[in-house]
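A.B. asks: Pasting a structure here, questions to come.
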Amino acid sequence: MGSCCYSPSPSSSHLLVTDFFSWGFKSSKLPFLQQKRRFDRSQRASKICGYHGLRTPPYKLDALEPYMSLKTLEMHWGGHHRNYVEGLNKQLEKNDILYGFTMDELVKVTYNNGNPLPEFNNAAQVWNHDFFWESMQPGGGDMPKLGVLQQIEKDFGSFTNFREKFVEAALTLFGSGWVWLVLKKEEKRLAVIKTSNGICPLVWDDIPIISLDMWEHAYYLDYKNDKGKYVNVFMNHLVSWNAAMARMARAEAFVNLGEPKIPIA
Amino acid sequence: MAFRPLLSRTLGLTQTLTHSHNLSQLRGLQTFSLPDLSYDYGALEPAISGEIMQLHHQKHHQAYITNYNKALEQLEDAIAKGDSSSVVKLQSAIKFNGGGHINHSIFWKNLSPVSEGGGEPPHGSLGWAIDTHFGSMEVLVQKINAEGAALQGSGWVWLGLDKESKKLVVDTTANQDPLVTKGANLVPLLGIDVWEHAYYLQYKNVRPDYLKNIWKVINWKYASQVYGKECP
């Protein structure tokens, strides 16, 4: 269950072309590296092995303009997100036990039931940002359709009510954090939740459907302190209900949302 | 005799009038307003840009004050009505917004332009105390910068004085928690805001650069004053 990723793109624990040269000896299957390796052996011995890669968003960095600027994407993805990935890899280098875990597993294990290990912050933030980029799309916003809309209307009364709750949660967050639309496993319903710093609903076994980054770095360059504008722009122009639909479909494999269809004899 | 009921009726009327206006002032609720800076927004350049100072002061600090006042009024109401669940529910808003007001009010006094002594290290008892407790000013600065850079999320890094033991401490608080939440005897001498809004427009995600440069405009005179009051 833990190895099932909530995203259609390849798992970030696979070798990415961009991380080609940060891999050390683990990439022994690549012939044209062999020559380089012979010369670099002594230097390579101390280089970091990239366990996890920085996954690129499913759109060009300027594709979300004018709602989220290229500058923000470059800073947020290329700076913050990249730092979390590199920080995580540095920590994993020293930790044999966590090697080989997928991102989902890492987040849950390092959360350690509320007493987080030092790797948690980096692991969770890598996961959160991967999820966030995929929660947005160029030409996003508008309204969900079909099953997602039905479930929202069932659990919130109406889409408008859900939207209000989501925006309110975003604006009443104290400090840094995230706002989520999750499918709660136990209660078998959708809910809006907010988390602080890097906490991710995966740690409570809930299934995230959509997320919004409310750390100041996510909106400050574009909107300064106008959080309200940022959140509304996200809901109107950025949120990807397509991604939500895919995630819901996958989530239904783990949570039974239907009414039991008992045949009448 | 006819006058008495008339008099009591007019008195009753004025009573209700004062009750509907200035209700909070009648009961003595103090509200808060944005303190002025003793320097221009641009006076701390190039360490902190004028744009950041203006936004930080006029938008962020003002928002904390506005929401703090609102929460206090709601709290007063709830206390008067004996509505315990509302009283408790309001605590987090008061801690956050009130803390924001306290912390930023100290922060503005912790900064001053170079022309007015910003960046000049403390002489006198505070300077001596720093050397005794930390070894040197450089060690203290390094410690504060390290803790500030390592802080996850939003918060503050402080140089404080433990009133009881008379020892200097370096500590961090999360979000807008004032230093006193880390110890009832702690008096803040110097606080550095490491929320992203404090540096992002200028330093982007390189918080260590912000921490390195802010020392050029730190107002040690104020810290020395506070220290001197507690340790005469």
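Placement of Cβ uses the backbone N, Cα and C atoms for every residue, glycine included.
This is the feature table in TrEMBL:
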| type | residues | note |
| --- | --- | --- |
| DOMAIN | B:31-112 | domain 'Manganese/iron superoxide dismutase N-terminal' |
| BINDING | B:HIS56, B:HIS104, B:ASP193, B:HIS197 | Mn(2+) binding site |
| DOMAIN | B:123-225 | domain 'Manganese/iron superoxide dismutase C-terminal' |
A.B. asks: When neighbour density is defined as the number of other C-beta atoms within 10 angstroms of a residue's C-beta, which of the binding-site residues B:HIS56, B:HIS104, B:HIS197 has the lowest density?
C.D. replies: B:HIS197
A.B. asks: Would you count the other C-beta atoms found within 10 angstroms of the C-beta of B:ASP193 (Mn(2+) binding site) for me?
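C.D. replies: For B:ASP193 (Mn(2+) binding site), the 10 Å Cβ neighbour count is 24.
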A.B. asks: Near chain A: which of the binding-site residues B:HIS56, B:HIS104, B:ASP193, B:HIS197 have their Cβ closer than 8 Å to one of its Cβ atoms?
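C.D. replies: Correct list, in sequence order: B:HIS197.
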A.B. asks: Averaged over the domain 'Manganese/iron superoxide dismutase C-terminal' (B:123-225), what pLDDT does the predicted model reach?
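C.D. replies: Here the mean pLDDT over the domain 'Manganese/iron superoxide dismutase C-terminal' (B:123-225) amounts to 96.
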A.B. asks: Note the Cβ centroid of B:HIS56, B:HIS104, B:ASP193, B:HIS197, the recorded Mn(2+) site, then list each other residue of that chain whose Cβ lies within 8 Å of it, in sequence.
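C.D. replies: Counting only non-site residues, the set is B:HIS57, B:HIS60, B:HIS61, B:PHE107, B:TRP195, B:ALA198.
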A.B. asks: Determine how many residues of the domain 'Manganese/iron superoxide dismutase N-terminal' (B:31-112) DSSP places in helix, in strand and in coil.
C.D. replies: 62 helix, 1 strand, 19 coil
A.B. asks: In which DSSP state, out of helix, strand and coil, do we find B:ASP193 (Mn(2+) binding site)?
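C.D. replies: SS state of B:ASP193 (Mn(2+) binding site) = strand.
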